[in-house]
Amino acid sequence: MSTVKRILLINGPNLNLLGLREPGHYGHHTLAQLVADLTVKATNLSVTLDHIQSNAEHELIDAIHQAHGNVDFIIINPAAFTHTSVAIRDALLGVAIPFIEVHLSNVHAREPFRHHSYLSDKAVGVICGLGPDGYEFALNAAVRRLQSES
């Protein structure tokens, strides 16, 4: 009997403002809608999806640390921490859980400071610019990867 795989969805700073903040870049979906839709899809794919959103870097790092031994895959939208956080990078490397980096907007079509990611070279993959669909694509890719490892 196989165990149900667990995926942790991490959303970084200001993503709690989805639906309000710069809808031209981020769309009109709220974070609650995005997580609810993804949770249904995860259930249909027979995996468990846990979620955290925080504007505090240390809370995201703590969640990554707590994922060790409890989570099989991470989907992370580090938001602004993408471009600044060596600490989140080190946490992900420390727990050695595979992860996909997701961004709602195309970070490469935006300000130059958004072009660099401290995570992308260590990610299984990076999805950007596809809005909420990017999360679904990441979920499907994570599940396929976990199934291929079983």
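For all residues, glycine too, the Cβ spot is worked out from N, Cα and C.
Swiss-Prot lists Tyr26 with the feature active site, proton acceptor, giving sequence analysis as the kind of evidence. Residues or ranges marked as active site, proton donor by Swiss-Prot on the basis of sequence analysis: His103. Here Swiss-Prot flags Asn77, His83, Asp90, Leu104, Ser105, Arg114 as substrate binding site, drawing on sequence analysis. The feature site 'Transition state stabilizer' is assigned by Swiss-Prot to Arg21, with sequence analysis given as support.
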Check: min Cα-Cα distance from His103 (active site, proton donor) over binding-site residues Asn77, His83, Asp90 goes to Asn77
Asn77 (substrate binding site) has its Cβ surrounded, within 10 angstroms, by a count of other Cβ atoms equal to 24
In this structure, the one of the recorded positions His83, Asp90, His103, Leu104 whose CB has the fewest other CB atoms within 10 Å is Asp90
Neighbouring CB atoms within 10 angstroms of the CB of Ser105 (substrate binding site), all protein chains considered, total 18
Could you say whether, by DSSP, Leu104 (substrate binding site) belongs to a helix, a strand or a coil region? coil
